[in-house]
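Just below is one structure, and these are the notes that go with it.
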Amino acid sequence: MSNLSTHAAQTARRYSVVPRHPRPGAIVVVSAVLLSLLALLPLGFVIGVAFETGWQTVKALVFRPRVAELLLNTLLLVVLTLPICAVLGVALAWLTERTTLPGRRLWAVLATAPLAVPAFVQSYAWISLVPSMHGLGAGVFISVLAYFPFIYLPAAAVLRRLDPGIEDVATSLGSRPPAVFFRVVLPQLKLAVCGGSLLIALHLLAEYGLYAMIRFDTFTTAIFDQFQSTFNGPAANMLAGVLVLCCLGLLLLEAISRGRARYARVGSGSARSQTPRRLSPPLAALALLLPIALTALALGVPFITLARWLWLGGFEVWRNAELWPALWQTLSLSAAGALLITLCAIPMAWLSVRYPARLYRVLEGCNYVTSSLPGIVVALALVTITIHSFRPIYQTEITLLLAYLLMFMPRALINLRAGIAQAPVELENVARSLGKSPAQALWSTTLRLAAPGVAAGAALVFLAIANELTATLLLAPNGTRTLATGFWALTSEIDYVAAAPYALIMVALSLPLTWLLYSQSKRTAGL
């Protein structure tokens, strides 16, 4: 009996040094809290400026015809663009995932590829081809070509993992194929379409270069013009406040439309593999028109336009003295930003996965709310704050990197969460019970398993910074020129030939992002 007690005591002591759910370290918690409070800086700035300005001034600046015009433009842009993107994205997802469309795997990759072309490069391609493209119609057309993959990707992922048995049951009960699609399949695409639509809508509100190039006024272009022309703080800040309200309204609307509905397969057995719906030759030829048309418009026109300008410019365009320094500046800023943001995201991701308490979920949510705000709002907040309170860092790389941190933290956070979730705490505990130190256990289990998620998050941040235009224009130090700002300066001078190499390099840098997003969507579907 005593031997058994002694053995039990030794076992208890051995495992007591490896608690299953230890408390998070103070440094981790404090870091997460400080970063989350920092993330609320732009939102707090807008609210603070509104209170400081006073109701009478706010009313005079907000309730005027110009703001009504901008609001109408924004609403029309969103209301017209989203349904078209939804129809095209879902239709293309259905054709590539659930039918025998010829070359459907190739079309699936090409449907993602427009994300490699920055929206302002897409606009540059079309405006240089059709100089008369201006206004709302042009804005909707180019926005659809630039952003429809944001609905295609999640819709395709859902269709890949959807159990076809559900559709078979509906068919056996007498429903015809169109009724099966609208009553069975489409409701299960609701979450994907709502999420993709929200992402597109936020891009529409935040985009500057696309709409400035086609001379279509939105809140972002108006704020930038106000800031550049008169440095009128109150007017620009009030426009930013209205823009923030629009973004928060979109978040609320998406949450309401999404509802609490969730879809899951229940019952015994596993979902059977899908059998693509066979298309007859005439129907297949007709169905091919959609991916061919979208590929030609979203990819063919930009690449043909770039090839044309590069051909006209010859080798001289590559000898531009500012091109290669701009590439180096872009790579260095992107690398520094990716490293900084990934390191800053680790504490929050760690707490979110290992200690999913309500407080930590709220802290994590602060970062997502801020990332929904347009870059122009973040930049305007940092410009005003640094001028008034931290003048030494105004228009320095510190402020620029801080803006990137506020804007792109969720891109690293989401991937870090997924990576850390691949390394359950039990594996770390087992390693420590086998004699490894906490640091060795962390390195040999958690960090190794989380490495792909860390790398994916850093890559997404790197590529986002490489193509960022609006905040960089406002915050970059004097003399700093990235590929995006260099491209913008040349297109503003109507020097489309000299701008072509900048655009081509940005597209080349974005191609890995396209492949990464496509691969992630396949992994999400379990393929």
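Even glycines carry a Cβ here, placed using N, Cα and C.
Per Swiss-Prot, these features apply:
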type	residues	note
REPEAT	10-15	repeat 'Type-1'
TRANSMEM	27-47	transmembrane segment
REPEAT	66-70	repeat 'Type-2'
DOMAIN	71-254	domain 'ABC transmembrane type-1 1'
TRANSMEM	75-95	transmembrane segment
TRANSMEM	107-127	transmembrane segment
TRANSMEM	139-159	transmembrane segment
REPEAT	167-177	repeat 'Type-3'
TRANSMEM	191-211	transmembrane segment
TRANSMEM	236-256	transmembrane segment
REPEAT	274-280	repeat 'Type-1'
TRANSMEM	284-304	transmembrane segment
REPEAT	319-323	repeat 'Type-2'
DOMAIN	327-517	domain 'ABC transmembrane type-1 2'
TRANSMEM	333-353	transmembrane segment
TRANSMEM	368-388	transmembrane segment
TRANSMEM	396-416	transmembrane segment
REPEAT	428-438	repeat 'Type-3'
TRANSMEM	449-469	transmembrane segment
TRANSMEM	497-517	transmembrane segment
Below 8 Å between Cβ atoms, which of the listed ranges 27-47, 139-159, 236-256, 284-304, 333-353 makes the most pairs with the transmembrane segment (396-416)? 333-353
For the transmembrane segment (449-469), find every same-chain residue at least 6 residues outside the stretch whose CB is under 8 Å from a CB in it, and list them. 118, 120, 208-209, 330-331, 333-335, 337-339, 341-342, 345, 375, 404, 407-408, 411-420, 422-423, 427, 482-485, 488, 506, 509-510, 512-513, 516, 520
Would you call the transmembrane segment (107-127) and the transmembrane segment (284-304) in contact, using three or more Cβ pairs under 8 Å, pairs 6 or more apart in sequence? yes
Go through the chain and flag residues at least 6 beyond the ends of the transmembrane segment (284-304) whose CB is under 8 A from any CB in it; none is fine as an answer. 88, 91-92, 95-96, 99-102, 107, 110-111, 113-114, 117, 121-122, 125-126, 129, 145-146, 148, 507
Over the repeat 'Type-3' (167-177), what is the model's average pLDDT? 64
By DSSP, what is the split of the repeat 'Type-2' (319-323) into helix, strand and coil residues? 2 helix, 0 strand, 3 coil
Take the repeat 'Type-2' (66-70) and count its residues per DSSP category (helix H/G/I, strand E/B, coil), listing them in that order. 5 helix, 0 strand, 0 coil
